[in-house]
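Q: Right, I'll just put the structure down here and ask away after.
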Amino acid sequence: MAAQGFLLLASYLLVLLVLARPLGMCLARMVNDIPLPGLAGVERVLWRVAGIRAEEMGWLQYLLAILLFNALGGLALFALLMLQGVLPFNPQHLPGLSWDLALNTAISFISNTNWQAYAGESTMSYLSQMVGLTVQNFLSAATGIAVVFALTRAFARQKMSTLGNAWVDLTRITLWLLLPLSLLVALFFIQQGVPQNLQAYQPFITLEGVHQLLPMGPVASQEAIKLLGTNGGGFFNANSAHPFENPTALTNLVQMLAIFLIPTALCFAFGEVVSDRRQGRAILWAMTLIFILCVAVVMWAETRGNPHLLTLGADSSLNMEGKESRFGILASSLFAVITTAASCGAVNAMHDSFTALGGMVPMWLMQIGEVVFGGVGSGLYGMLLFVMLAVFIAGLMVGRTPEYLGKKIDVREMKMIALAILVTPTLVLLGTALAMMTDAGRAGMFNPGPHGFSEVLYAVTSAANNNGSAFAGLGAATPFWNLLLAFCMLVGRFAVIIPVMAIAGSLVAKKIQPASPGTLATHDALFIGLLIGTVLLVGALTFIPALALGPLAEHFSLL
């Protein structure tokens, strides 16, 4: 089993790197504002038709454009969900959503979280899925990538006040990156058996003679961007465990590759844009080493399973509960780590049924800020915050002014870094405490003891860090949970983007200092170790007391 797990992980990483590097070079052209071959004339026509003036923006103007863009998208999606009962493409005649569920869902999809307090096949019309949720999957992903484009330019430029044009970046990312990749992946899914139609649900009779409905819909098109954009929201309630979303072992592999493809490519693009490919590789190495460690722990925990099962007469202690037999333990464990490392939230197994340690690792990956590959864009700008923090700590230890890529890290940057890093832990801990202190919060708990607490902690962690996966034993479809998690998703997304853009605005105005003999090398093994240590110490220790009350207590209770 260990050899199989190693081969699965090694082959996955090999294919990922082969695919991501050339994509990273294309992304570097976008960051450098170089039109892709053959598209310059098309872009000029697009800018004229859309009324886009391609002048560059300062950080505040860029930020306001991003915030306005997402606010308008959220309002449009909220209205669509409320009115879906009277709109077309609704063959099942599904009613509009309640205001609190519509608000939760709208914020969920504009924040790239895709938390779902509903079952898609029994709640959403085809119009809501296509025009509402799928469109926001593209736009929320483009938002995250645009922000990291701006931050990357801040490191590459000097003595400037502009970071690019938000409307140009959003358009290019959507049309030339997300749309072509999604089309290719969707066509592959259709070939593998994923539905793509607008038919009404199909009645059929099971072998036992029971009459049921077979759900239909435009699944493949939403499935592709759900993964490539690290969105994660499933067309069906079972998400990628559903055979209509993820029918074969081959689609499962492609789904895992799609989740990490753009976050990995952005690391290569970063190194290319700052004219030092070693910097991008160093960040990628740090992410990969943490990822490998987490995969090993989850695979070990799930294959070890629960030893008490043997005393009850089970044939094996392997933890197959909540997993699809067509994927097995190893592929399910790998998928769980990928989807929580990348703030995707799609699942091909039920995380609530993992062992205590096997479920703790995905939760912990979210709690460290979704910086191990992370969401498209958000993962890299989150890790760059930790990079600058690590440089600052190293500077304090040796008594030198901290620098990264020739840019001095001053008091202003450190204040913004601290603010951005502290946003999500504050939301998670206060949100969990509020849920546990109130009757409305505890009413959603279906399980007592440490596991029930873990379900609450996981839900708030997932929302605040814009992941969207869940421990399913929590009744979150109530006004209390809809509003609490909506607040966490909204603040967890945009209260991080705001200081990141402020940092970019400060750095782009600074001069790039030439390296001196005393300059800290930020591309070697020593710095990679320092960066990993910073992520583990700052990002992880915050949650040790909470984890001790939940998954750790549950684990030791089984010994």
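From the backbone N, Cα and C atoms, a Cβ is placed for every residue, glycine too.
Take a look at what Swiss-Prot says about it:
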type: TRANSMEM; residues: 5-25; note: transmembrane segment
type: TRANSMEM; residues: 63-83; note: transmembrane segment
type: TRANSMEM; residues: 131-151; note: transmembrane segment
type: TRANSMEM; residues: 173-193; note: transmembrane segment
type: TRANSMEM; residues: 254-274; note: transmembrane segment
type: TRANSMEM; residues: 282-302; note: transmembrane segment
type: TRANSMEM; residues: 327-347; note: transmembrane segment
type: TRANSMEM; residues: 356-376; note: transmembrane segment
type: TRANSMEM; residues: 379-399; note: transmembrane segment
type: TRANSMEM; residues: 416-436; note: transmembrane segment
type: TRANSMEM; residues: 483-503; note: transmembrane segment
type: TRANSMEM; residues: 525-545; note: transmembrane segment
Q: For the transmembrane segment (5-25) against the transmembrane segment (131-151), do we get 3 or more Cβ-Cβ pairs below 8 Å once near-sequence pairs (under 6 apart) are dropped?
A: no
Q: Tell me if the transmembrane segment (525-545) touches the transmembrane segment (416-436). I count contact as 3 or more CB pairs below 8 A, with pairs 6 or more residues apart.
A: yes
Q: Mind checking which residues reach the transmembrane segment (525-545)? Cβ under 8 Å, same chain, six or more beyond either end.
A: 282-283, 285-286, 289-290, 364, 367-369, 371, 383, 386-387, 389-390, 393-394, 421, 425, 428-429
Q: Counting only pairs at least 6 apart in sequence, do the transmembrane segment (131-151) and the transmembrane segment (356-376) share 3+ Cβ pairs under 8 Å?
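A: These two segments touch.
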Q: Near the transmembrane segment (173-193), which residues from the same chain, at least 6 beyond its ends, have a CB less than 8 A from one of its CBs?
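A: Those are 26-27, 30, 36, 39, 46, 138-139, 141-142, 145-146, 149, 219-221, 223-225, 227-229, 244, 247-248, 250-251, 254, 258, 261-262, in sequence order.
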Q: Between the transmembrane segment (282-302) and the stretches 254-274, 327-347, 483-503, work out which stretch tops the count of Cβ pairs under 8 Å.
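A: Most contacts with the transmembrane segment (282-302): 327-347.
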Q: Determine which residues of the chain contact the transmembrane segment (483-503) at the Cβ level, with the cut-off under 8 Å and only residues 6 or more beyond its ends counted.
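A: 59-60, 62-63, 66-67, 70, 100, 103-104, 107-108, 111-113, 115, 117, 143, 147, 150-151, 154, 163, 378, 381-382, 385, 388, 413, 416-417, 419-420, 423-424, 427-428, 431, 434-435, 441, 459-460, 463-466, 476.
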